[in-house]
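In TrEMBL this protein carries:
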{"type": "ACT_SITE", "residues": "ASP8", "note": "active site, for RuvC-like nuclease domain"}
{"type": "ACT_SITE", "residues": "HIS880", "note": "active site, proton acceptor for HNH nuclease domain"}
{"type": "DOMAIN", "residues": "799-901", "note": "domain 'HNH Cas9-type'"}
Amino acid sequence: MKRILGLDLGTNSIGWALVEKDFDNKQGKIHGMGSRIIPMSQDVLGDFGKGNSISQTAERTGYRSVRRLRERHLLRRERLHRVLNVLGFLTEHYASQIDFEKRLGQFIDETEPKLAWRKIGRKKNGKEKFEFLFQNSFNEMVSEFKMNGQDVKIPYDWTIYYLRKKALTRRIEKEELAWIILNFNQKRGYYQLRGEEEEENPNKLVEFYSLKVVDVKADEEPNRKGETWYSLILENGWIYRRSSKTDMSDWKDKVKDFIVTTDMNDDGSVKTNKEGEEKRSFRAPKEDDWTLIKKKTEQEINQSHKTVGTYIYENLLQKPNQKIKGKLVRTIERKFYKEELKQILQKQIECQPELFTDDLYNDCVRELYRSNEAHQMQLSKRDFVHLFLNDIIFYQRPLKSKKSSIANCSLEFRAFKDKDGNKQTLYLKAIPKSNPYYQEFRVWQWLYNLKIYTKENDTDVTNQFIRGAEDWERLFEFLMEHKEVNHIDLLNYFIEPIVKEKFPSAKGKTLKAEILKEIGKYRWNYVYDGEKDESKKYPMNETGYEIRRRLNKVKNVPENFLKRDVEQYLWHVIYSVTDKIEFEKALIAFANKYGLDEASFTENFKKCKPFDSDYGRYSEKAIKKLLPLLRLGKYWSWDAIDEKTKDRINKIITAEYDEKIKDRVREKAIRLNEEHHFQGLQLWLAQYIVYDRHSEANSVGKWNSIADLENYLQEFKQHSLRNPIVEQIVTETLRVVKDIWNHYGKGVKDYFDEIHIELGRDMKNPADKRKNLTNIISENENTNLRIKTILSELLNDNSIENVRPYSPMQQEALKIYEDGVLNSGIEIPDDIDKISKKSEPTKSEIQRYKLWMEQKYRSPYTGRPIPLSKLFTPAYEIEHIIPQSRYFDDSFSNKVIDLGI
């Protein structure tokens, strides 16, 4: 009797059955069955079905991120309080509300005083009354506004902008400086990580503008939608054309925000249309246009040659009604704030050095790092500017290392003894896929597995295209020049020279047509859709392609500059340096080291995005050992093979006995009897030669007891699988197996003879297929709603007979009618295409859609038009293309509408 455990895995449930079966005697019994439901919200399941990999804890993670941001802001404020207190910069009322003994730098419970405002009692209505402390500076600011002709009521809070400007050139009070420093802690600017910059399209210039509308001109006649077209004349001479159902004359003399996209030629000039007008489009800003607004604000600040505080203050002098937050200055780079505070501190240290002595500086450092003498020593060589800028306000915590989550290499490890004398094995980490060694390794592996077949009879004709080592070399060089390839790219590489030789006089379109005709006869062995003549794109030398693409734009690069060691070094800079400023420094150092044009090189590489954090199966050390055996022809060298592998190869050739070389390896390498034979090897054979094994596991992963299974679950690293739902199902399945083993088998070794697993449809499908299925369902729902809406409208049309809006038969007939038109291969106007995708078109849209379909639908058999007015009468019926008597296919694609019998 065989004891079999069957498991049925779904997205939120695990069904199981434990049976015993005697196949010879056809007997069996069921020990138990059941299911385990995994609590999971519908929105998470829905996202999984759509192909989105979203953790159930994503929302909680978002809240935690906000909480951490606030905690870090408060920690910086506490550190500032401690330093400013040592310096004696804090006002008396403010310092008295801070705990400097136990909860260092924190406000006393339920208090949060304002440094510039002191409580002086209560008003008659019972509300607290406050006094502004920096009245002299406020009066100075008011005087400036009056001198500028602005006799308006000014808020006290604007004094901070006046002080930020004043502190750049003159001495200010120490309490005022403390107010400025604490203000910088509140708004530090945006720290843009390297790689977050958007690559600019050289043929599209997208800019943010705030422009005044100087005139509004309306066209005389409205369009068919009842909308009037307006020409909005902007202050710089541009004309913005747009339609609207409402009168737009009130836009005149108002300032409006625009996102302007200008089409550019390759030489940088603006493209023009047939009338000679510049091609430029306008739209209103959206939420995700904040990067353009940020860029515009930064550009205006740079052009003003002022600091942020001065820029805001002088704008307020000119326009006191100007909104500051979210309007004048939104999100900008951190460097603007950092540079301003640096200038302020340097000027104030120059004006009043008695407040910034070395003794006071060392007292501040000791206050912050009471138990960290090493850091005290390190900071003692710095100054106040560094302390405030880099150690407190603009300190950026380095990202945590995630090296532990990288998979281990199964081939390379390091054996050692721990402090207790026990033997330990530490496997090396897998190589990043962007590493140039991995890129070459992947290309050799891919091309050795390549096969070319004829479409007609599936004959392998690879040898007709690749005849020897030189052909392999050229193919390798072709693939190494490309970022990715599909079947058209590859077949074009093989077939173009053959067609050119066959038709030497053919050029241009004629040559291209002959090449495509010849390509159509073949396919490759990789993923290929014969019906659509499409294939998956396979990654090749992505790293080398990106480096060469950028290097080609650098001035005066020496010929054959990109050698292996140079490419490896440059990749390491791009891959490992994460901070944007440090990355630019590293690029400058690289350019100087190799004698490249510093400005040109830095400009072309500074926006290079960090390579993806994807990893291969093997470590860099393993790939360096395997690569020399994969290479062939001029790329192969006996000297490139490591000494240990050379020794193994010599023993294989001479048949010398070595217990470390298994008989299986000698059998696989039976035909390799010369040194030069050990090139161009398949990966599996190279692994046998170097490591004595291929896919055989180093140790068999089998759980012999419940304790083994429990240990595995305890040591299982959360998020080690890419999809959180799949990870949850896998771990919960192991727990179900453990519970069944414990309950029915009492933990007996080898209790199960077999375990059968059935995966649900959603679990089997990859993310892109799940997303595609969701889109199809959504489109079908839209179609069904549209068909019902159209039928309801046709009921009111006396020219169309026998309409029943809720009849499934008529709904299906209209769907077939619509599908026959849309998929007939004719050109579909844009407005009709939009209607065909709507779920509930309007009455006028249905009328236009109905007339268009009547003009276009033809019987597939007679070619004559089928009038919509007769569609629902007995004159026309739904027919099966393939008769049901021959093959039962009741699907939508097997149905047409034709004349009834």
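The backbone N, Cα and C atoms fix where each Cβ goes, glycine too.
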Distance between the residue listed as 'active site, for RuvC-like nuclease domain' and the residue listed as 'active site, proton acceptor for HNH nuclease domain' at the Cα atoms, whole Å?
-> 37
Summarise the model confidence on the domain 'HNH Cas9-type' (799-901) as a single mean pLDDT, whole number.
-> 73
Should the residue listed as 'active site, proton acceptor for HNH nuclease domain' be counted as helix, strand, or coil on the basis of DSSP?
-> strand
Please state whether DSSP places ASP8 (active site, for RuvC-like nuclease domain) in a helix, a strand or coil.
-> strand
